[in-house]
Amino acid sequence: MANDWKKMARGGALIALEKVFHEEAYSNIALNSLLNNRHYDDRDKGLITEIVYGTVARKITLEWYLAHFIEDRDKLDPWVYDLLMLSAYQLIYLDKLPAHAVVNDAVAIAKNRGNNRGAEKLINAVLRKVTSVDLPNIDTIKRVNKRYSIKYSLPVWLVKKLIKQYGQERAEKIFASLFERNKASIRVTEPHRLEEFKENFQADYSSLSPVGLTKSSGHFASSLAFQNGAITIQDETSQLVAPTLDIKGPELILDACAAPGGKTVHMASYLSSGKITALDLYDHKLALIQENAKRLGLADKIETKQLDAREVAKAFPVESFDKILVDAPCSGIGLIRRKPDIKYNKDSLDFVSLQAVQLEILSSVCQTLRKGGIMTYSTCTIFREENQEVIKAFLASHPDFEQVALDHDKKDIIVDGCLLITPEQYHTDGFFIAKLRKKA
């Protein structure tokens, strides 16, 4: 009986959140591990997913609310506080759930989990207070950065950084957009079938990609079209990368930081012959690329190699490739909507070290590009230090390269000749793309 709490949806959510908060697990990985290894029905899986992502996304806000009801958090067992957080999330933000069900389940979990009468009583008392009194008003916080931090559950340093780059009005729109749930998005691999799949999936056209479709929710991966390679799952912004390389047939292409391979297979789809060499640091990630390529019927156009992209110049002769993609390691700030734990795992000092790595990769791989060849640089971040400033620094130290201005129908994403998409514009990942050419 002691483990019955693990069979409850809210108990499962607690298991996943403990891994995220105390074992530094990524929320998506902790959640997938839980759902794949335990037997929950579809309804419970949906509730667990909502609770885990919602609690992580609203963590700072929930901590602020709970501080008004708990005298000394440090005296609580960590799991007790986690249980209070996930319960408070439901009571405050999921108003369709009966409050009594949330409270009763939390008390039952505490009773079974801790064998601790004190924890059971405390959880019952705190949650009943949350449901019976008016919550404190965040808008009464006078300091702007602190207020935004609490309201949008962002570290203060990140609030300051976004306001500094984008101004307060646009920054707040970005803050709010980070709570939106990610759309399900696909790329149709045979463009002439776009309308067919739009009707079949009751999907919408992508605002950014001419071969993309989106839905507010959906399980494309279980469809026959996905299994047959007629569609592939890829964010709308990511779909903009491969076309910038102007791939036209029998070319040798380097994908320097390739995993999980969405952009790799997109580039391969343009090849009549030739080859893409896809690199990654980790062998298990290369296996994902190969699996994706096989499903799409592109395995013969892609070879994988385990290699640090900073070592490319040592591993390949000069002018080995016609085109190069550097989808650089970055802070990942543009992915916060679907990976909310990112915002708690970074600090303002990360950007200096990341920029150094990004420049080191570019400086290495560029030596293997033939004269007249194209090199595209992309990231899933929206900060200048990892984007425009990297391009500026690279061009300053490599006079044999020039920037090629990018264009798009949506003129508001064109910045400094690059594409910069922030999450609030088209409800996508935040993303950056720049195109460079090696002078002939």
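Every residue gets a Cβ built from N, Cα and C, even glycine.
The structure displayed is predicted, hence computed values, not measured ones.
Here TrEMBL flags Cys380 as active site, nucleophile. Taken residue by residue with DSSP, Cys380 (active site, nucleophile) is part of neither helix nor strand, so it is coil.
DSSP assigns Asp308 (S-adenosyl-L-methionine binding site) to coil, not to a helix or a strand. Residues or ranges marked as S-adenosyl-L-methionine binding site in TrEMBL: Cys257, Ala258, Ala259, Pro260, Gly261, Gly262, Lys263, Asp280, Asp308, Asp327.
Positions annotated as domain 'SAM-dependent MTase RsmB/NOP-type' by TrEMBL: 160-439.
Across the fold, the C-alpha of Lys263 (S-adenosyl-L-methionine binding site) and the C-alpha of Cys380 (active site, nucleophile) stand 13 Å from each other.
Here the Cβ of Ala259 (S-adenosyl-L-methionine binding site) has 21 other Cβ atoms within 10 Å, regardless of which shown protein chain they belong to. In this structure, Cys257 is the one among the binding-site residues Cys257, Gly261 with the smallest number of other Cβ atoms inside 10 Å of its Cβ. On the 0 to 100 pLDDT scale, the domain 'SAM-dependent MTase RsmB/NOP-type' (160-439) averages 96 in the predicted structure. When secondary structure is read from DSSP and collapsed to three states, Gly261 (S-adenosyl-L-methionine binding site) falls in the coil class.
Long-range neighbours of Cys380 (active site, nucleophile) (same chain, six or more residues apart, CB within less than 8 Å of its CB): Thr237, Cys330, Gly332, Ile333, Gly334, Leu335, Asp429, Gly430, Phe431, Phe432.
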